[in-house]
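Student: Sequence annotations record features per position, and here Swiss-Prot assigns signal peptide to 1-22 based on sequence analysis. Among the features that Swiss-Prot reports, N-linked glycosylation site is placed at Asn32, Asn213. What Swiss-Prot lists as domain 'Expansin-like EG45' is 61-167. What Swiss-Prot lists as disulfide bond is Cys64-Cys92, Cys95-Cys162, Cys100-Cys106, and the listing cites sequence analysis. Here Swiss-Prot flags 181-262 as domain 'Expansin-like CBD'.
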Amino acid sequence: MASSCLLLACVVAAAMVSAVSCGPPKVPPGPNITAAYGKQWLEARGTWYGKPKGAGPDDNGGACGYKDIDKAPFLGMNSCGNDPIFKDGKGCGSCFEVKCSKPEACSDKPVIIHITDMNTEPIAAYHFDLSGHAFGAMAKEGKDEELRKAGIIDMQFRRVRCKYPGETKVTFHVEKGSNPNYFAVLVKYVGGDGDVVKVELKEKGSEEWKPLNESWGAIWRIDTPKPLKGPFSLRVTTESDQKLVANDVIPDNWKANALYKSEIQVD
């Protein structure tokens, strides 16, 4: 009886080892991609998700908190990034040139994408899970569907400065649930670095800049026992320490779930 139990245990253990070893090996993430823009192309793997010609998520959102990423200025040219690209939300809004030369459907011509979401699949040191639209944009003319059928491809990328049309300014969305004691804001359409590492708030008549805490994605928040009084000015710091000040951008009669456009943008 004991030998039978031992045999059974050995079989189960062998099955467990076999199950663990199945599938492609996990690849550790590479070093974080910073705002040091260079000409060198780096290797990555590319996949796509969502509808074949869509913007990625079914709700046109994603882990950065952006909304309507199918519309201008993103226009569906979006991607998830793995850890060294998404950087726990601090990579949200950053821009990359991406291209592929294989399979045959690839054009080898770079297109620009925005980081709007995250992925955690350990298939490469750098992994872009692009929208169906962005993935197809790397293809030769008329071969986008053929390229999407490839599924997983080797691709090249490099960080670039974000450039928005002249009428696009840094925009703030006051999140649902915000009130005088809790203020949460989504920051989007930041040119240059694209990503934000610090947000501060100054009340009308005050000289104090109060730091906000990163909530998730591109959303920042502040909790305060003393009610905040508008209008508010917001100061945004990008990864390369460029500071942008939007004076009185949030009016004194501000509302939750509302969009406020500034007059500022990175040159």
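Placed from the backbone N, Cα and C atoms, the Cβ positions cover glycine too.
What's the neighbourhood like for these features in this structure?
Tutor: Counting every protein chain shown, the number of other Cβ atoms lying within 10 Å of the Cβ of Asn32 (N-linked glycosylation site) is 13.
Look at the domain 'Expansin-like EG45' (61-167): DSSP puts its residues at 18 helix, 33 strand, 56 coil.
With a cut-off of 8 Å between CB atoms and residues at least 6 apart in sequence, the same chain places Gly89, Cys92, Gly93, Ile115, Thr116, Asp117, Met118, Gly217, Ala218 near Cys64 (disulfide bond), listed in sequence order.
Cβ environment of Cys162 (disulfide bond): Gly93, Ser94, Cys95, His114, Val190, Gly191, Gly192, Asp193, Gly194, Val266 lie under 8 Å away, each six or more residues apart in the same chain.
Non-local neighbourhood of Cys106 (disulfide bond): Lys99, Cys100, Met138, Ala139, Lys140, Leu147, Ile153, each in the same chain, at least six residues away, with C-beta under 8 Å from its C-beta.
The DSSP secondary structure for Asn213 (N-linked glycosylation site) is strand.
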Student: Around the Cβ of Asn213 (N-linked glycosylation site), how many other Cβ atoms lie within 10 Å? Please give the count over every shown protein chain.
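Tutor: The Cβ of Asn213 (N-linked glycosylation site) has 11 Cβ neighbours within 10 Å.
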Student: Would you mind checking how many other C-beta atoms are within 10 angstroms of the C-beta on Cys92 (disulfide bond)?
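Tutor: Summing over all protein chains shown, Cys92 (disulfide bond) has 30 other Cβ atoms within 10 Å.
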Student: What is the number of residues in the domain 'Expansin-like CBD' (181-262) that are helix, strand and coil, as DSSP sees it?
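Tutor: Helix, strand, coil within the domain 'Expansin-like CBD' (181-262): 0 helix, 46 strand, 36 coil.
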Student: Mean pLDDT for the domain 'Expansin-like CBD' (181-262), as a whole number?
Tutor: 97
Student: Provide, as an integer number of angstrom, the distance between the C-alpha atoms of Asn32 (N-linked glycosylation site) and Asn213 (N-linked glycosylation site).
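Tutor: About 21 Å separate the Cα atoms of these two residues.
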